[in-house]
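As structure tokens, the structure follows; a few thoughts come after it.
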Amino acid sequence: MVSNLLKVVLAIETSCDETAVAVVRSDKQVLSHKVLSQKEHVVYGGVVPEIASRAHINYLYDLTSQSIEESGCDLADIDAIAVTSGPGLIGGLIIGVMMAKAISSVTNKPIIEVNHLEAHTLLIRMFHDIDFPFLVLIISGGHCQFLIVHDVGCYQRLGSSLDDSLGEVFDKVARMLNLGYPGGPIIEKKSIMGDSKSFFLPRALINRFGCDFSFSGIKTAVRNIVVNQKYIDNDFICNISASFQDCIGDILVNRITNAIHMSQAINCKINKLVVTGGVAANHLLRNRISICVKDNNFEVLYPPTELCTDNGIMVGWAGIENLSKGYVSNLDFVPKARWPLESIKRSS
């Protein structure tokens, strides 16, 4: 085990379209955090992998230098380097991992390969005193899944999306309505002014046992409505946005209820649900989820809204959690576009 002295971790996140670097300390202090959200993708209505990779190349070195300088540390003060190694866009992952390995090699500091989903999952422990085990729902642009978190590096999947991720569906619906990218915040804003009962959308799998998701049918239903709509004005956009959000809320409530029952059947000590990932920043969905969880005698916890999307702080904290267990990596690890959270294997 690593000693109980304060540890300082330099963290690098390049798994998608955010280039982020942070310096985080084991007493939960953020010494610096630099994040650059790439605006280049807006015109395309989604992330273009090649553009994302080139942007990481252009920004990562300067962001790393700025983050170290802002932290008041130098490389000698860093105890370890944590880097997102997957899942994600392979081009961006390679760039982040190469930078982290270079720093580790030059400084002879340990390196920790971090699973992006583990970083989202463990971040809650930086802000709340939550013990293992607990239930987590990850809802983001690339993932939608329930897992039991037994410990750092020990996860059990209960259910996941059978097709699209939830964040992906928000982006695609926003694109159908010419609302721009990212779609989630825009649809949430429009839905506030709309009538959620204007259009009926299918609630896939809602009457089935389990906690898997399917969102492709909702996406198709919205497309059919948009194609057949003669006039697409602001009222229509607000109403379809509200109907879409209401549909997603119904599905989440149903799936969360099932996941709670499944998790307690596995371990009756589980009484907390963590909701994380970019879609967890949606306050209308948070309200629906919070009511559902309370009705099921559970407690729900969310990371700070600004840290629901990808960031360096979560990678740094995951690095600290792994370092506290003595989990470090060899320099020969490779980035992985796919890396299921339940498949993590740790060695100290």
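Glycine is no exception: its Cβ is also placed from the backbone N, Cα and C atoms.
Source: prediction; values computed, not measured.
ASP310 is the only one of ASP310, ASP332 that Swiss-Prot places in the Fe cation site (with HIS116, HIS120). Among the candidates GLY184, GLY194, GLY249, GLY312, the residue that Swiss-Prot annotates alongside ILE138, ILE139, SER140, GLY141, GLY142, ASP171, ASN282 as binding substrate is GLY184.
Listed in sequence order, the residues of the same chain lying 6 or more apart from HIS116 (Fe cation binding site) and placing their CB within less than 8 Å of its CB are GLU13, SER15, THR84, GLY86, PRO87, GLY88, ASP310, VAL315, TRP339. Here the CA atom of HIS120 (Fe cation binding site) lies 10 Å from the CA atom of ILE139 (substrate binding site).
Spatially close to GLY142 (substrate binding site) yet at least six residues away along the chain are CYS16, PRO87, GLY88, SER165, GLY167, GLU168, judged by Cβ distances under 8 angstroms.
Rounded to a whole value, the Cα-Cα separation of SER140 (substrate binding site) and HIS120 (Fe cation binding site) is 10 Å.
The binding residues for substrate are recorded as ILE138, ILE139, SER140, GLY141, GLY142, ASP171, GLY184, ASN282; their greatest pairwise CA distance is 17 Å. Note: the Cα of ASN282 (substrate binding site) and the Cα of HIS120 (Fe cation binding site) are spaced 16 Å from each other. With a cut-off of 8 Å between CB atoms and residues at least 6 apart in sequence, the same chain places CYS16, VAL47, SER165, GLY167, GLU168, ASP171, PRO182, GLY278, VAL279 near GLY141 (substrate binding site), listed in sequence order.
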